[in-house]
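These notes are about the structure you will find just below.
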Amino acid sequence: MRISNATLADGRVVDVRVEDGEIVAVGDLDPVDGESTIDADENLLLPGAIDVHVHFREPGFEHKETWETGSRSAAAGGVTTIADQPNTDPTTTTGEGFDAKADRAAGACIDYGINGGVTPDWDPDSLFDRPLFALGEVFLADSTGDMGIDADLFASAAERAAEAGVPVTVHAEDATLFDESAIEGDLGGAGRDADSDAWSAYRRAEAEAAAVERAVRVGSESGAQIHIAHTSTPEGVDAAREGGATCEVTPHHLFLSRDDCDELGTYGRMNPPLRSEERREAMFERLADGHIDVVATDHAPHTTDEKDQSLLDAPSGVPGVETMVPLLLGAAVEGDLSLERVRDVVAANPADIFDLPQKGRIEEGADADLALYDLDAAREIRGDDLHSKCGWTPFEGFTGVFPEWTMVRGETVWDGEEFGDVAGENVRV
Ligand SMILES: NC(=O)N[C@@H](CC(=O)O)C(=O)O
Ligand SMILES: [Zn+2]
Ligand SMILES: [Zn+2]
């Protein structure tokens, strides 16, 4: 197969030849006899995005998401590889827990990795016996699933990961710095009427940098490779970089701030929480200038019934895997970000950090994970149009550029209307 007239993020217009799921040539390619051609019509061809932080919820919470619905949502957003987090039921903290998840992951239509998690009753021997994508997210404070661990367990887990040569991804918040007084008193009504700004005041910005500092210290003591998940403050990003760790930011911390809490209510409750508009802008700058390595979604779907509770009862987390690349391309169209930067933070950089040499690049020898975008076809994001089981988005009404089609290893998994029958594979097997 030949994809003709594709514009790459660097502006080159090329043809791409795909054979047996791999890119075998990129350049000015004459068609060969009997070869099928897909005309890209000079639209933008990006490597399939790698979202290293999603919660596909299965096993245990199939009412929120499944590997089938989550992976379809990813494919419809140009994402062709994901890494799933361990706060499922059972938790992915033992060999058995890993195997239970691997069974379900077979239902994915895109490629994936499975992370191992840490709890006081984890079983590192059997867990590290499995092909882990990473150890993480290691929760330094409780979040959905209440998997927060103490300093000693974190240090010993980092040592095990270093021995195994597995990177460690860290949910960095220090609960001792949370401001309990912020969530006492009147917290508004349920769902959209709740005062989610109080959540931001409670899980204060200062709690992030302190936890990042501890994580990078443990990283250098143990020799473990540390990657900070969902950094939400410029202070957290700077502490990660100074300590030699890589870091990611979510789309919600790039595009939403405490100014949106009034409208979102509990639909804007997540960990770490939304930050001030000033900090949001600082995060965007650090993304644009290269200080942040990766955008990853922390896709954390919950049902509207669950979200339509009081601020304290509603679970934390928002969906995002389908809207990440569309939002970033929307920002690129506005001139806020270069296309090369978008390509690097969603594909090349996660591939480098998590050692996926086959993924994240449009070059000879790489997997033909690809997505095509018409930058003139930006449209309004609507929860009703998305494919996550949860059925809502915190980005309702934002503008995004969605893929015309998405391919996994040369097979069309999304053609703009329907899903193809693609069997996702574990990238570590
Ligand atoms: N981010 C969230 O608010 N929630 C995540 C867990 C997490 O990543 O902390 C979830 O699994 O719901
Ligand atoms: Zn987290
Ligand atoms: Zn998460």
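Heads up, residue numbers simply count up from 1 along the chain you see.
Even glycines carry a Cβ here, placed using N, Cα and C.
Where the annotation comes from TrEMBL, it is an automatic prediction and has not been curated.
What you see is a predicted model, and the numbers here were worked out from it, not measured in a lab.
Among the candidates D298, D305, D308, D313, the one that TrEMBL lists alongside H53, H55, E137 as binding Zn(2+) 1 is D298. Checking the candidates H291, H302 against TrEMBL: the one annotated together with H55, F56, R57, N87 at the substrate site is H302. Among the residues the record lists as binding substrate, namely H55, F56, R57, N87, H302, the two farthest apart have Cα atoms separated by 13 Å.
E137 (Zn(2+) 1 binding site) is 18 Å away from H302 (substrate binding site) when you measure Cα to Cα. Excluding the listed site residues E137, H171, H230, the same chain places H53, Q85, G136, F139, S143, T169, V170, A172, I228, A229, N271, D298 with Cβ atoms within 8 Å of the centre of the Zn(2+) 2 site Cβ atoms. In terms of Cα distance, the binding-site residues that sit within 10 Å of H171 (Zn(2+) 2 binding site) are E137, chosen from H53, F56, N87, E137. Restricting the binding-site residues H55, F56, R57, N87 to those with a CA within 10 Å of the CA of H230 (Zn(2+) 2 binding site) leaves an empty set.
Taking CA atoms as the reference points, R57 (substrate binding site) and E137 (Zn(2+) 1 binding site) are 14 Å apart.
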